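First up is the structure itself, then whatever we jot down about it.
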Amino acid sequence: MFLLLKKLYITFARSSRIIITLVIIDQLSKWWFIDDLRWKPGLMLKVTSFLNMVYTWNYGISFGLMREYYQYSNAIFLITNTLIVCYLYYLMIRSKTIGSFAGYSFVIGGAVGNLIDRFFRGAVFDFIHFHYQNYSFPVFNLADCFITIGVIILIEDYYSTKKVIEEKAKGNYDNAQIEAMAEKIRNAGHNGDDIVN
C-alpha cells in the first residue's frame with residue numbers, strides 16, 4: 001500500500017508540472033480572445049492565406065464533433081471526460097517509458113483544459129481555423145493541439161517499444177542490452193525510480 005501511494009505521489013509530482021503548464025497555456029490563450037480582445041461570435045481575424053482566428057463555441061467534442069447533440073450532451077461530456085481523464089491518469093501511473101508518460105501528460109493536459117471550459121462556460125472555446133482553397137479544417141484550440149501531440153507521442157512510443165520487443169524475440173538484443181536501455185530510460189526522466197520493469 002505504501003509503495004502504491006509513493007508511486008501515486010511521484011507520478012503526480014512529475015506529471016503535474018507538465019499538465020498544469022499546458023492547462024495554463026490553453027486557458028490564457030482562451031482568456032486573451034474572450035476577455036482581453038472582447039471578441040464576439042462570428043468575428044474573424046485573417047492571419048495568413050490559410051489561417052484565421054475565429055470566435056467559436058464548441059458544444060460537441062474535439063474539432064466540433066457531435067455538437068448537434070448539445071441539448072443533452074454537456075452533462076454527459078462532463079462526466080465522460082472526467083472519467084476518461086481519471087483512466088488516462090491510471091494508465092500514466094502504469095507507464096513504463098518516458099514516451100508514454102509524456103504522451104499521457106499531454107493528452108490529460110489538453111483534456112483538462114477543455115474540461116475547465118465545459119464546466120465553467122458550458123462549452124469549449126475554439127479559435128484556430130485552418131483552410132486551403134475549398135477545404136476547411138474544423139475549428140480547434142490549443143488544448144486540442146496538446147491532445148493530438150500526446151496521441152502522436154503515444155503511437156510513436158508504442159511502435160518503438162514494440163520494435164525493441166520484436167528485436168529481443170529475434171535474439172538481436174540480449175538481456176544485458178535490454179537492461180541497459182531500461183536503465184537509460186529510467187535515468188533520463190525518472191531519476192532512477194523503477195518505472196521500467
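The backbone N, Cα and C atoms fix where each Cβ goes, glycine too.
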The annotated transmembrane segment range in Swiss-Prot, which must be one of 97-117, 160-180: 97-117
Cβ-Cβ under 8 Å with the transmembrane segment (135-155): same-chain residues at least 6 beyond its ends: 22, 25-26, 29-30, 54, 56, 58, 62-65, 99-100, 102-111, 113-114, 117, 124-129
Close approaches to the transmembrane segment (97-117) from elsewhere in its chain (Cβ under 8 angstroms; 6 or more beyond its ends): 14-15, 18-23, 26-27, 30, 62, 78, 81-82, 84-85, 88-89, 91, 123-125, 141-154, 156-158, 160-161, 185, 188-190, 195-196
Structural state of ASP126 (active site), classified by DSSP into three states: strand
Distance [Cα-Cα, Å, rounded] between ASP126 (active site) and ASP144 (active site): 9
Cβ packing number for ASP126 (active site), 10 Å threshold: 25
